[in-house]
Amino acid sequence: MFDWDEVPDDIADYVAVEQPDSDREEPATPVRESRVDLGPGCLELGGVFLEKNLAESSALSALVPSISEGAPEPTQAELETLRWMMQKATMNQDMFLLGPPGPRVRHLVHHFCALFGRQVEYVGINSDTSEADLKQRRDICDVLRFLFRLSTSPSCSVAAMASEGDRANAMGSFNVGPETHLAAALIPDMEEARLCRREFAVMSWTFAINHATVTTPILYASSVLTNSAGQAGNAMLYGATLVCSLFFSALVFSLIGAKKGLSLSMGLYAVYVGLFATAASMCAEKDAKTGSCIEGMDLQLPTMLLGALIGGIGAGILWTCQGAFFSSVCERVAKAEGKEAQAVTAEFAGSFALVFLAMESLVRASATILTKYAHLDYSVVFYIFSGLAVASTVAFMALATNFEKPAQRGSVFAKVLSAVALWSDPKIWVLQCTNLTFGFAAAWLGGYVGRNILTPALSSEFIGFAGAMLSGLASVLSKVFGVTAAKTGKGPVVALGAVSFLLLGVLSRYLGHPATWGWGVLVFYVFMGIGRAVYESTNKAIFADFFPGEASPGAFANVFVFGTGASTAAFILGATQQDQAEDWLLILFAILTIPGYLVASLISRKEDGETTDSSSC
């Protein structure tokens, strides 16, 4: 990066420049300087906190500049730039400042160093200066670097600058582009932010309605259909989801993008629900007391298997595209609003999970209401749900815009195996404990708890309401956890989810006879609601943080692969009466969740440190 002729395209990510005011420009929100006593000393500016350095010796203290009495107060643009510099300093990142005049930029750096006790050392750059020289100097001093462009022309290199012979004049008269302003990169782009938030809202609501119509049939499959047809259909659904998510979802995303990928998968979901309703209408004999299907017509099983295959393909594509869409929106909002990316992912993850789980709760409850109190046949109810799925798909296609960057095209096989390609990264493995735990817990609750605990304690009629309570609780808590994670970090929230899953596995099998608890059995659905809120919100945000950008499609494919794989294994264990092994696996991965997250964080910090050490100016 020492060749100033080659300015990277993403320079706006880390450059502070100044542009003249215009009638079209929205005024920046004023940043007011305030001080808060936190330990030895801390300055707060516009919600950003940075502690002051205390000089360890008089020699070092002499290198810290001072602000003379009578110096003018910083302008609004300077305050905005100082706040940006504080943000970069908290992340221990170098700063690259562009904009005329040169003395004003140097004044800002001196002002920053004076406020926070940072030493100043000037290093001249000429034609003989190498990248290794500055890197070595930074390693020795262990300080932040402030980089300045010294040229009067954007095309003037460092070597040409040195030959001009008048560097002092060059430092005060450089220019970058037709418009330069120190606060341009710091003024929030509210129009861009509004666009991205609108896209997020459209995706959240249409996605939630569509997906809720699919998760409800899974709960009823073994009772609305014959037990064998329902279990076989769920096995086909999860198996197709696993294969598609692992081998084809990233390929589809690279070919058609997030919007078209979501539209396609939501349409396939609608077909699945419609075929499920058709299979439900093919019941030849029902139990007069429970209403469950005892014997089905010849075409019931093939119809269910076909629908499950289509739904599984849709599910495999859906979550990969949704994860990539989510990451793209979070990155753009963070850039447009000048916020930390992790804070935005925490906020949006909580908001998405709130809408997603609230809609799921509503649809599950409506299934019980329509069948028990409106006396509608199950097939009619699921045809209604299929219509909702179609309507949500059409709404998403009409309202959402394809604002993402064009997907990069590479080797077809590389795209197909993009999820597998991340397996060489140890973080992808240690972060899977939450996904594995959730997969086993979901199957354990639906298979063992529902059949052996809830039904004897209350009745099978309460399965729908218990599921609605679970989703409703998870919906509220996901929003709470999103706010909490933004303030305290994601670790404590992940720990709470792990403990909830652990209690579900332990108490449901090793504490007395839960089937005699009456209404107390709903505590297991409370545990699952807490765990699912963490899985749907904070867990997704963690993967967006650890695997941003081009890695996100493969990362989110892995999230779904591991969770679905765990559920598939759990269904097989339950079908073969291996309940104890299923429960032990649930407990094991719940215990490993926190250590896995801590290990991933340590690996990430180590990688960031190595990247910083090897990066150039």
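Any Cβ shown, glycine's included, is placed from N, Cα and C.
Keep in mind the model is a prediction, meaning the values are calculated, not measured.
As annotated by TrEMBL, region 'Disordered' applies to 15-35.
Under the heading compositional bias 'Basic and acidic residues', TrEMBL lists 21-35.
Positions annotated as domain 'ATPase dynein-related AAA' by TrEMBL: 94-140.
Note on the transmembrane segment (200-223): residues 229-231, 233-234, 237, 262, 266, 269-270, 272-273, 276, 290-293, 304, 311, 315, 318, 322, 325, 329, 333, 348, 351-352, 355-356, 358-360, 362-364, 367, 378, 382, 385-386, 388-389, 391-393, 395-396, 399-400, 446, 460, 463-464, 467 of its chain, located 6 or more positions outside it, place their CB under 8 angstroms from a CB of the stretch. Marked as transmembrane segment by TrEMBL: 200-223 (among others).
Here TrEMBL flags 235-256 (among others) as transmembrane segment.
According to TrEMBL, the feature transmembrane segment maps to 268-284 (among others). Here the transmembrane segment (268-284) has long-range neighbours at 210-211, 213-214, 217, 221, 224-226, 229, 233, 237, 293, 295-297, 299-300, 303-304, 306-308, 310-311, 313-315, 317-318, 377-383, 385-386, 389-390, 393, meaning same-chain residues at least 6 beyond its ends whose C-beta is under 8 angstroms from one of its own.
The transmembrane segment feature in TrEMBL is assigned to 304-329 (among others). Panel annotation: around the transmembrane segment (304-329), residues 196, 199-200, 203, 207, 211, 214, 221, 225, 229-230, 232-234, 236-246, 248-250, 252-253, 257-259, 261-262, 264-269, 271-276, 278-279, 345, 348-349, 352, 404-405, 540, 543-544, 548-549, 552-553, 555-557, 559-560 of the same chain, lying at least six beyond its termini, place a Cβ under 8 Å from a Cβ of the stretch.
As annotated by TrEMBL, transmembrane segment applies to 341-359 (among others).
Here TrEMBL flags 379-400 (among others) as transmembrane segment.
Look at TrEMBL and you will find 428-450 (among others) tagged as transmembrane segment.
Here TrEMBL flags 462-481 (among others) as transmembrane segment. Here the transmembrane segment (462-481) has Cβ contacts under 8 Å with residues 219-220, 349-351, 353-358, 360-362, 364-365, 367-368, 450, 454-455, 493, 496, 522, 525-526, 528-530, 532-534, 536-538 of the same chain, all six or more residues outside its ends.
What TrEMBL records for 493-511 (among others) is transmembrane segment.
Tertiary proximity for the transmembrane segment (517-535) is limited to same-chain residues at least six positions away from its ends with a CB under 8 Å from its CB atoms, namely 353, 357, 434-435, 437-438, 441-442, 445, 449, 453-454, 457-458, 466-467, 469-478, 480-481, 493-494, 496-498, 500-501, 503-504, 507-508, 563. Look at TrEMBL and you will find 517-535 (among others) tagged as transmembrane segment.
Sequence-distant contacts of the transmembrane segment (555-572) (same chain, six or more residues past either end, CB-CB distance under 8 Å): 231, 234-235, 238-239, 241-242, 245-246, 249-250, 315-316, 319-320, 322-324, 327, 418-419, 422-423, 428, 432, 435-440, 442-444, 447, 535, 539-540, 543, 546-547, 582, 585-586, 589. Annotated transmembrane segment per TrEMBL: 555-572 (among others), in sequence order.
Residues annotated as transmembrane segment in TrEMBL: 584-603 (among others).
Looking at 341-359, 379-400, 428-450, 584-603, the range that has the most CB pairs within less than 8 A of the transmembrane segment (493-511) turns out to be 584-603.
In the predicted model, the domain 'ATPase dynein-related AAA' (94-140) shows an average pLDDT of 66.
Sequence-distant contacts of the transmembrane segment (341-359) (same chain, at least 6 residues past either end, Cβ-Cβ under 8 Å): 200, 204-205, 207-209, 211-212, 326-327, 329-331, 333-334, 471-472, 474-476, 478-483, 485-486, 490, 532-533, 536-538, 540-541, 544-545, 548.
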